[in-house]
Amino acid sequence: MSNISLTAAENLQQIRENKPLIHNITNFVVMNYTANVLLATGASPVMAHAQNEVEEMVAFAGSLVLNIGTLSESWVSSMLMASQRANTLKTPIILDPVGSGATAFRTASAKRIIAEAKVSVIRGNASEILSLGSEQSNTRGVDTSQSVSDAAQTASLLARELDTILAITGPTDLVTDGRRVFNVDNGHPLMPYVTGTGCSATAVVGAFAAVDRDYLRAATTALAFFGLAGEMAGKAATGPGSFMIHLLDALYNMSPEQLEKGCRIKESSATRS
């Protein structure tokens, strides 16, 4: 097995043993499912978005996960307050720019968070990620309209520009810091048919980042774990409804050894310009 496969197994074992607290400021649509995904993974979720407590709450957390799915000005303020405290504490921040590129408010809010806080990982689909750069992409709501392969070169440049890790999910996931690129081939076709799978994947990245401070490695192994769980769930599911339940079971039941054997991760060099 490759070193990254072994790291994936070790990261999962660390999550199960340490149960890191993951502070989520996330959207109403996915709060319940995201919390259950984190619990099934082995982490401890907390959903806290009130400005009165976010700075205090993030001090207990192993990572901070920000999701702009159901956005308002007050939530942006909460995210910025929590982010600044997280930066002071050197706590990793994971951003999910849901629907960035679809509306000016979403795009501006995502860019503001990136500008005012040091974000460790940005996880989104290709269109969302590319909307954060100078080239505008064609975002249809929260669905991807650009392939991961089409986004690879731009993502590498954008990762270096923003000095962050970009995790672009699709049929094949791409994770890059602008210098190294990992492709993750785990996943299942039913995953896009369940609301919250992408947002939950972001939260799982937060769990892995809480135990592995090499955030490129953490994001890559997190997506492999989540994708492999999707494959396991797909074998038992008959449609999106049963898949959602089986995914929780697969996350909970997967052993580190199964992850080491089942993850499909390839590394390549980032394209330079």
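Placement of Cβ uses the backbone N, Cα and C atoms for every residue, glycine included.
Among the features that Swiss-Prot reports, substrate binding site is placed at Met47, Gly196. When Cβ atoms from all protein chains are considered, those within 10 Å of Met47 (substrate binding site) total 17, not counting its own. DSSP assigns Met47 (substrate binding site) to a strand segment in the three-state reduction.
Per Swiss-Prot, the feature ATP binding site maps to Arg123, Thr169; the stated evidence is sequence analysis. In the three-state DSSP assignment, the secondary structure recorded for Thr169 (ATP binding site) is coil.
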Original post:
How many neighbouring Cβ atoms, not counting its own, are there within 10 Å of the Cβ of Gly196 (substrate binding site)?
Top reply: 21
Original post:
How many Å lie between the Cα of Arg123 (ATP binding site) and the Cα of Met47 (substrate binding site)?
Top reply: 19
